[in-house]
Amino acid sequence: MAASKKAVLGPLVGAVDQGTSSTRFLVFNSKTAELLSHHQVEIKQEFPREGWVEQDPKEILHSVYECIEKTCEKLGQLNIDISNIKAIGVSNQRETTVVWDKITGEPLYNAVVWLDLRTQSTVESLSKRIPGNNNFVKSKTGLPLSTYFSAVKLRWLLDNVRKVQKAVEEKRALFGTIDSWLIWSLTGGVNGGVHCTDVTNASRTMLFNIHSLEWDKQLCEFFGIPMEILPNVRSSSEIYGLMKISHSVKAGALEGVPISGCLGDQSAALVGQMCFQIGQAKNTYGTGCFLLCNTGHKCVFSDHGLLTTVAYKLGRDKPVYYALEGSVAIAGAVIRWLRDNLGIIKTSEEIEKLAKEVGTSYGCYFVPAFSGLYAPYWEPSARGIICGLTQFTNKCHIAFAALEAVCFQTREILDAMNRDCGIPLSHLQVDGGMTSNKILMQLQADILYIPVVKPSMPETTALGAAMAAGAAEGVGVWSLEPEDLSAVTMERFEPQINAEESEIRYSTWKKAVMKSMGWVTTQSPESGDPSIFCSLPLGFFIVSSMVMLIGARYISGIP
């Protein structure tokens, strides 16, 4: 029997989408933007201490190999010729920090994840040394001094991990965010791997000047970071190197394919949603929640707690675009917490069913500040709370409150963005794994009181990376000209409650947020000076109140 003929679908482009919770490899038709096949692997997170979040860089890399291999197998089963994959793009969780040995190729410590809080004391120490004025870091980077960004994570590694210190002394250390680690490994690693990053990822390190688009010497000196360990900064769309995978790895089918696109995941989603015009915005619902608004070639600095960041630069000679961003630490992660920590649900999909059973939180409010509060508060002392509980409250109400929390946090960011831009959004474009939850999308429309618009193909983060890779000079299989971009079908969610009810729910949520603040400090419990014991008036009041209560009961003869 003659072998079946492989299908020819026009040039194909692959995309590695490496997120906090999972890794995926997806393949698109560059002429239609159709998703042809993909594979996903969940990634473990480690929590060695309270507030610490780590991942194994080698597990992340092997998950990429596995996803490439399995996706290629699936394409073969569909009779699609994988030799037609002309380029590969990378999108990645931002800020997560890796340091590795360029001689051995081994990571020198686990990846310190963007959610990690161990650097709060480092941040407080650095804030006391800011030269000149408190705007020193933000004016150059668009970012507040926070545990969120890579510079303080790298500073912690240099201060606390002897292997990292030794490798830096011996000129063997390389630093990078996840994109750098993957591109270096996929282009050969110790055998000529390319050590680079793109402008969007560099802009999240707190070491990168978003005006000059270069590593900033003053910032590196302030944080005490040796510049020789930093990756070369490139545009988001150019050929960085060719796939060069070890023969021991089955994913070698794509050997020699150029890696030609790289964007931090939120910038990739902005591109994938085709938000190329000033004022266009998207919100991605993943582990966290990230609302970006394209501000064009101009850096717009927020007065309301938002970040200024690089949106994209789609080619070496192309202009840079900036964005205002609101970041929420915990969105999809709250669903994972309900599943893994509380056991309220067995699968993430169950939460929609539970929420649908009651259709209300019944006055229960959930502030999932597990890693403090990000935009617009930037309050690391906050911690998660569930309040408004009664004897009537059950797991369905808590599930509903968890979904509402994601929507309320988005509302806070959108309000801040409207104040900064002066032009309220008429609708919100959304993407990310959580958008498959129809109750969440309807809640979001109700709480924002504007329509929520969701593309029928939700993989916009990977699509953005694929578009950047396919459009790169020397590849040229994907046109980004407006007239050539494929039309995307959309699902639209209209508000179904009145504006007054929306405002009442939102104002009650704001009260709950205030109650979540001020729960922790960086003061060591070993210092012998914890605040609860320092308050003599409070202690005296509690003891004397108890004495009076006991005395009153005794006098009145109450048993």
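Every residue, even glycine, has its Cβ placed from backbone N, Cα and C.
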Which of Y148, Y312, Y321, Y322 belongs with T20, R94, E95, D265 in the sn-glycerol 3-phosphate site listed by Swiss-Prot: Y148
Site of maximum Cβ density within 10 Å, from binding-site residues E95, D265: D265
Between G332 (ATP binding site) and E95 (sn-glycerol 3-phosphate binding site): CA-CA distance (Å): 18
Of R94, Y148, N437, i.e. the binding-site residues, those within 10 Å of T20 (ATP binding site) when Cα atoms are compared: R94
Rounded Cα-Cα span from N437 (ADP binding site) to R94 (sn-glycerol 3-phosphate binding site), Å: 25
Which of R24, R94, all binding-site residues, has a Cβ with the fewest other Cβ atoms inside 10 Å: R24
List of residues, in chain order, with Cβ under 8 A from that of G332 (ATP binding site) and at least 6 apart: S21, Y285, G286, T287, G288, S348, G432, G433, M434
D265 (sn-glycerol 3-phosphate binding site) to S22 (ATP binding site) - Cα separation in whole Å: 13
